[in-house]
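Marked as heme b b562 binding site by Swiss-Prot: His83, His182. Residues annotated as heme b b566 binding site in Swiss-Prot, with similarity to another entry given as evidence: His97, His196. For His201, the entry in Swiss-Prot reads ubiquinone binding site, with the evidence type similarity to another entry. Positions annotated as transmembrane segment by Swiss-Prot, on the basis of similarity to another entry: 33-53, 77-98, 113-133, 178-198, 226-246, 288-308, 320-340, 347-367.
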Amino acid sequence: MTNIRKTHPLMKIINNALIDLPAPSNISSWWNFGSLLGLCLIMQILTGLFLAMHYTPDTSTAFSSVTHICRDVNYGWIIRYLHANGASMFFICLYIHIGRGLYYGSYMFQETWNIGVLLLLMVMATAFVGYVLPWGQMSFWGATVITNLLSAIPYIGSTLVEWIWGGFSVDKATLTRFFAFHFILPFIITALMIVHLLFLHETGSNNPTGIPSNMDMIPFHPYYTIKDILGILLLILTLLTLTLFSPDLLGDPDNYVPANPLSTPAHIKPEWYFLFAYAILRSIPNKLGGVLALLLSILILVLVPMLQTSKQRSMMFRPFSQLLFWTLIADLLTLTWIGGQPVEHPYIIVGQLASILYFLLILVLMPTASIIENKLLKW
């Protein structure tokens, strides 16, 4: 008799995706982050669901309802902080996952890569609308500043902003619709994630060498299930350590002050995971230019497969490209730091130089280095 997991219509799908899936025998721990992202998504949906049971999306009670969750709901404090810090873990895994894709040339699976970029945009949108919900000072002013950027769009800008606000300022209507978006987006992300996996399983996984591994595959279970469990345990340990020892480490103290449209915080800044893009936005002394640079800083990922000039897929055997890749990482860390600093003398110029270098590395320097490496292969 054939095994039920190979014949049952539903079990068959799970079997082909998680059990009998042929996987390259040499994929490293950098390939763990896909499953960790799935775990983060499940965790965020579950903690978010329990938070939504007690939260009220109304300007007069939103802040109080979050306080009520932390003080009066059984284990409400840990659910709230797991959700807030879970978002940070989500972005850490996301950025490492993208970095892995860039380093090892996984972007050559174009459909998988493009859906991945779409997933990134969706997760960023979800995190942004979610940050508005506690209705603290940074929630309110962050929402005001970022939605206001749309007014830079010629002709329809101001109408668009008022349409998103549902009025003439960020108010009750804005909070209600942001809560609705924050609830629906994770389910759209889940659907996209399934499509992402569908396209990945059409081609099979890449591996650190970038060389096809069709002749050397091993079953996903037990090898990579065990490996993933180790990653999951480390992720949960990190998240629990952060949540139980310093839950507010990555948050902004200003968000413990209820939203007040009459008082602007000294420094308006988003959560740490948006700071690199925020720094690029601020580096351009023109509203429309800044908005375009902000968009391009993310959408440039779509161009990466088209900029592939190397004969080798992975950077494993390309020292020049490796140097430029790590320069890009250092540049992104610099931008993240600049985004959190006030707009003052040394920071402005450093931010502008880091922004120029970011685009220069991806669009010019890395493709050029690849061409030079191709020539060196002939020596």
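Counting starts with 1 at the first residue shown.
For all residues, glycine too, the Cβ spot is worked out from N, Cα and C.
Overlay of Swiss-Prot feature records on the structure.
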residue : record                   : DSSP (3 states)
His83   : heme b b562 binding site : helix
His97   : heme b b566 binding site : helix
His182  : heme b b562 binding site : helix
His196  : heme b b566 binding site : helix
His201  : ubiquinone binding site  : helix
Contacting positions for the transmembrane segment (320-340) when only residues 6+ beyond its ends and CB under 8 Å are counted: 99, 102-103, 269-270, 272, 274-280, 282, 310, 347, 350-351, 354-355, 357-358, 361-362, 365-366, 369-370, 372-373
When counting Cβ pairs under 8 Å to the transmembrane segment (288-308), the leader among 33-53, 113-133, 178-198, 226-246: 113-133
Other parts of the chain folded back onto the transmembrane segment (33-53), taken as Cβ under 8 Å at six or more residues beyond its ends: 69, 79-80, 82-83, 86-87, 89-90, 93-94, 96-97, 100, 182-183, 186-187, 189-190, 193, 228, 231-232, 235
Cβ pairs under 8 Å between the transmembrane segment (77-98) and the transmembrane segment (226-246), at least three: yes
Intrachain residues whose Cβ lies under 8 Å of the transmembrane segment (347-367), provided they are six or more past its termini: 279-280, 282-284, 293, 296-297, 300, 303-304, 307-309, 321, 324-325, 327-328, 331-332, 334-335, 338-339, 341
Spatial separation of His196 (heme b b566 binding site) from His83 (heme b b562 binding site) - C-alpha basis, Å: 24
Beyond the flanks of the transmembrane segment (113-133) by 6 or more, those residues with Cβ under 8 Å of it: 55, 57, 62, 66, 87, 90-91, 94, 97-98, 101, 106-107, 139-140, 142-143, 146, 170, 174-175, 178-179, 181-182, 185-186, 188-189, 192-193, 195-196, 199, 270-271, 273-274, 298-299, 301-302, 304-305
Cα separation, His97 (heme b b566 binding site) to His201 (ubiquinone binding site) (Å, whole number): 17
Under 8 Å by Cβ from His97 (heme b b566 binding site), counting only residues of that chain that are 6 or more apart: Phe33, Gly34, Leu37, Gly116
Densest Cβ neighbourhood among His196, His201 (binding-site residues), 10 Å radius: His196
C-beta crowding around His83 (heme b b562 binding site), within 10 angstroms: 21
Length of the line joining the Cα atoms of His196 (heme b b566 binding site) and His182 (heme b b562 binding site), in Å: 21
Under 8 Å by Cβ from His182 (heme b b562 binding site), counting only residues of that chain that are 6 or more apart: Gly48, Thr126, Val129, Gly130, Leu133
